[in-house]
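Annotated features in TrEMBL:
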TRANSMEM  B:7-27  transmembrane segment
TRANSMEM  B:33-52  transmembrane segment
TRANSMEM  B:83-103  transmembrane segment
TRANSMEM  B:110-128  transmembrane segment
TRANSMEM  B:160-179  transmembrane segment
TRANSMEM  B:207-226  transmembrane segment
TRANSMEM  B:246-271  transmembrane segment
TRANSMEM  B:283-305  transmembrane segment
Amino acid sequence: MSAVLEVTDIKKSFGGIHAVNGVSFDVREGEILGLIGPNGCGKSTLFNCILGQLTPTGGEVKLDGQVVTGLRPSELNKLGVSRTFQLLQVFPKLSVRENLILAGQEHQGNMASRLVGRSDAGLTEAANQMIGFFKLDHLADEPAGGLSYGQQKLLDAAMAFMGGPRLVLLDEPAGGVNPSMLADLKERLVAINREKNATFVVIEHNMEFVMSLCSRVMVMAEGKVLAMGRPDEVRKNPAVIEAYLGH
Amino acid sequence: MSGFAKPLKIALGLAVIAALIIVPMNFNRYGLFILSQWAVMSIAAMGLNLTLGYAGQVSLAQGAFVGIGAYAAAIMTTHGWPLPAAILVAIVLSFAIGWVLGYPALRVQHHYLAFVTLAFSTLAFLLFRNESWLTGGIYGISNIPRPHIFGIATNKPLPFYYVCLGSLAIVSLAVWWLIRSPWGRAFMALRENPLRAQSLGIDTRRYTLMAFAIGSALGGVAGALYAPLTQYIDPVPFNLSLSLDLLLMVIVGGAGFYFGPFLGAMIAVLLPEWLRFAEGYYLMLYAVAVMLLLIWSPTGILGILDRYLAERRTKAASALRAVAKSRLETVQ
């Protein structure tokens with residue numbers, strides 16, 4: 001399997017604090033890679049460096065073998081890299097459908113065609129499919145702000161898939177979601193991973209969720225990679241137990 | 001404005017348009033001047049509503065763009081150019097300058113941005129006043145001609161009012177198209193959450209510059225109509241207080257609402273006229289009215305309507321849920 005994403009020796013310092021201190025890993029085509037580690041170990045900072053939200057102090061990010069370090073988040077998104085945030089980031093005043101159309105519109109045509117073309121950028125059908133896929137049908141015309149937390153979390157994830165991304169970085173998708181909805185979310189993610197051949201990197205603290213969803217798990221501690229491997233290997237790794245999982 | 005039945009909305013819209021065409025026919029000269037001024041200021045306020053209301057970029061420079069448009073039109077038409085050509089130049093000029101003024105917005109936001117645009121406003125005023133070889137300085141430019149449209153002279157107040165109204169109609173349609181296009185959605189995303197917008201592929205830099213450029217271009221259009229309306233311009237009307245007035249129109253009408261600028265311009269232009277009975281106190285009354293409105297509804301007049309409609313929708317939805325629940329219980 002070829003690598004979709006190759007990260008080489010990424011560093012990010014804030015003043016004297018080395019939030020990410022030389023992290024290297026690769027993400028293989030079609031896999032679901034889990035990223036775990038204690039709070040403050042640099043997981044989200046690493047995401048932000050990969051996605052161009054932060055400029056890394058050092059190191060290199062390659063997408064399909066092309067160096068993409070220093071590209072803006074919107075440019076990376078156009079190249080097929082999408083993300084969700086740790087905190088909810090839906091547009092509360094827009095309806096569920098409008099949120100999804102917004103999430104996909106920049107992948108349709110160009111600036112000029114988006115000005116003179118259709119109001120929905122031709123995405124109503126695709127948005128409705130996504131709404132059906134995430135079982136949000138009865139809420140399609142509701143303002144997103146009126147949805148429950150779990151439903152907004154689903155919408156947030158759905159938005160990341162509207163542009164048909166190849167690589168999706170999910171930052172704590174399960175945080176604050178109740179168990180039954182969590183099963184739903186996992187099922188949806190697995191389905192998209194298989195059917196659309198989308199590759200995922202998932203930050204998550206819910207161990208059961210990570211271990212059952214991911215094909216490989218990377219553990220970070222104090223800005224460095226502590227371990228990388230299959231879930232059962234990682235779970236048994238003494239260093240991981242020491243730093244994160246506990247006895 | 002959702003919540004009203006569609007036919008009712010269309011009927012209401014047609015009635016307002018018909019009234020704007022028919023009622024002023026027997027207005028006097030002054031009444032027509034005020035109404036024309038309302039149309040012109042609505043255009044400028046719509047531009048600012050795009051920049052500020054939809055895209056969330058604070059600007060205290062809209063009055064300067066009205067000035068740029070007005071001087072472009074005054075200089076060109078007094079040298080024999082037709083008004084449509086002058087409007088075109090005003091649009092291109094304000095669009096380009098607005099684009100450049102957008103660059104600071106890529107670095108600074110909110111009140112910092114307000115100060116950058118305020119400085120630009122002052123700079124523009126100084127140019128109008130000091131570059132007398134071009135602008136006539138403090139003596140201004142007089143005898144600005146009014147155009148012939150399709151061979152009809154618009155020297156008289158009524159025909160020129162129709163020129164202003166027609167221009168307002170064209171601008172309104174264009175803005176309506178813009179805000180319901182994907183661009184409008186991108187502007188709104190820029191205002192609500194630029195970080196998320198970027199992660200969805202929205203080029204926030206380009207949209208920010210576009211929001212400034214298009215909003216400013218509409219200021220230029222308003223200016224290019226203002227010059228032949230007053231037929232005399234000097235630097236004073238385009239100082240900072242015009243920018244503040246336009247900001248007031250957008251805020252009072254309801255920033256980010258399509259009809260906000262029309263209402264806001266109506267209040268800013270007409271209310272002082274209606275309050276004339278109060279003579280010396282009219283400005284005080286006006287100030288108090290604005291303060292009370294903004295305390296009551298910080299989102300402006302249309303904010304009140306929006307809240308009312310949202311409340312009604314919520315009530316209707318919870319009533320539906322209650323019905324569904326009771327049915328479920330009966331079944332059980």
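Yeah, the Cβs are placed from backbone N, Cα and C, and that goes for glycine too.
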Response to the item:
With the cut-off at Cβ under 8 Å and a gap of six or more residues from its ends, the chain residues touching the transmembrane segment (B:33-52) are 24, 27, 58-59, 62-63, 65-66, 157, 160-161, 164-165, 167-168, 171-172, 175, 178-179, 187, 211-212, 214-219, 221-223, 225-226, 229, 245-247, 249-250, 253, 255-257, 260-262, 264-266, 268-270, 273
Worksheet, complete the sentence: Outside the transmembrane segment (B:7-27), at least 6 residues beyond either end, the same-chain residues with a Cβ under 8 Å of its Cβ set are 1, 35, 158, 161-162, 165, 169
Practice prompt. Could you tell me what the rest of the chain brings near the transmembrane segment (B:207-226), counting residues at least six beyond its ends with Cβ under 8 Å?
Written response: 39-41, 43-44, 46-52, 54-55, 57, 59, 61-73, 83, 86-87, 90-91, 93-99, 101-103, 105-106, 163-164, 167, 171, 175, 178, 183, 186-187, 190, 233, 237-238, 246
Fill in: For the transmembrane segment (B:160-179), distant same-chain residues with Cβ under 8 A (at least six beyond the ends)
17, 20-21, 24, 32, 35-36, 39-40, 42-43, 46, 50, 54, 146-147, 149, 154, 187, 214, 218, 221, 225, 228-229, 258
Response to the item:
Given the transmembrane segment (B:283-305), its same-chain partners at Cβ distance under 8 Å and 6+ residues beyond its ends are 1, 248, 251-255, 257, 259-260, 263-264, 267, 271-272, 275
